[in-house]
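Shown next, in structure tokens, is the structure this report addresses.
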Amino acid sequence: MFYLSTFMTIVISLSLVSCSYDCNNPGYSCKGTCHYYGPCICNEKLMGYDCSVLKSRMSTGSNCTVTCQNNGKCYDGSKCLCSSDYTGDLCEKQTTGARCTLDAVVFEAYRPIGFVGETYLSQSRSCKLLETTSDVPGMIKFERKIFHGDTSMCGLKKHMDIPSAGDVTYEADIYSTFQYNSWGTRDFMDNVKCQYKPTRVGLSMDAPDSLFPIKMSARDGASSNVQATTQSAPISLLFSPQNIPDVKGAMVDYLEVYSINSTSKEYKSVVAVKNGCAQKNEYNVAFSNLDELDPATSKWIGLVKMQAFIIFENEPILFNYRLRFCPDRCTTPTCAAPXVGQATSAAV
């Protein structure tokens, strides 16, 4: 029999930014004394980067019902006092940072009401972050999405990290000016990074699908969610994007099929798809890397057709994969003619 399990290979790290508060800048409040050099000086009763909270309001232990992130401190039992670099109910959002999606970097900046400046990538003022609907009360939100492959003046800087082979960093310098069309000593520059690591994070077929950006399933002619089948039977692996609003298509870029002998711990693997192209393999198994439209979600889902095969007797087959996410249907890579026969064209 042929058993299915899965392995996910993409992890998105946080971006790194610098401090971005100067009480002299328009829009920023200071309930203490605003120092010429930018910090807000609190008296003995106040705390916070802007001296906005009385020390007597701080909560600890069982008196606090929320978990504040990024060194935020709990007060009034259910609120978080953030540092100047973070905002949001739980201090979960960077004031200048990024969302690291699988095919792009979405730069984000939160500025106070009264902000009259601009935020843009260092390459050009035309690479501005544009105002969008804010999800933080009392803050204006600016945003700009740059795809990894963007070759315009607003394109990202890309680095292959050494010695961690496989790690890739995309970054940009962000200028924040507090007066329109100007630059001064109270303005800021932040270096924002997204690092993509091939670290493996496991999931099983019965794990809650809602936890992951991809739902992987398998089907044959009789079942739409098969977990066991016979050797040489046709089977299709489906990779459905979910929880990522700007992803409308997915296609397999890399697929490795592997198994581990539970007694000897020996590991064997087969690279089935590389750079989007089916690969020749020692088991003479044919693979086809495709996609198909899911009528239920109107999204293009990754589809790999193959035949079930055994690496180790009585051991499960597992999958290590990397997907390419696209804002619409992914373009099909140009591949050399496969060295083995094409997978069956019968619907499975």
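Cβ atoms here come from the backbone N, Cα and C positions, even for glycine.
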From the list C68, C74, which cysteine is recorded by Swiss-Prot as disulfide-linked to C64?
C74
Can you tell me the CA-to-CA distance separating C64 (disulfide bond) and C82 (disulfide bond), as a whole number of Å?
15
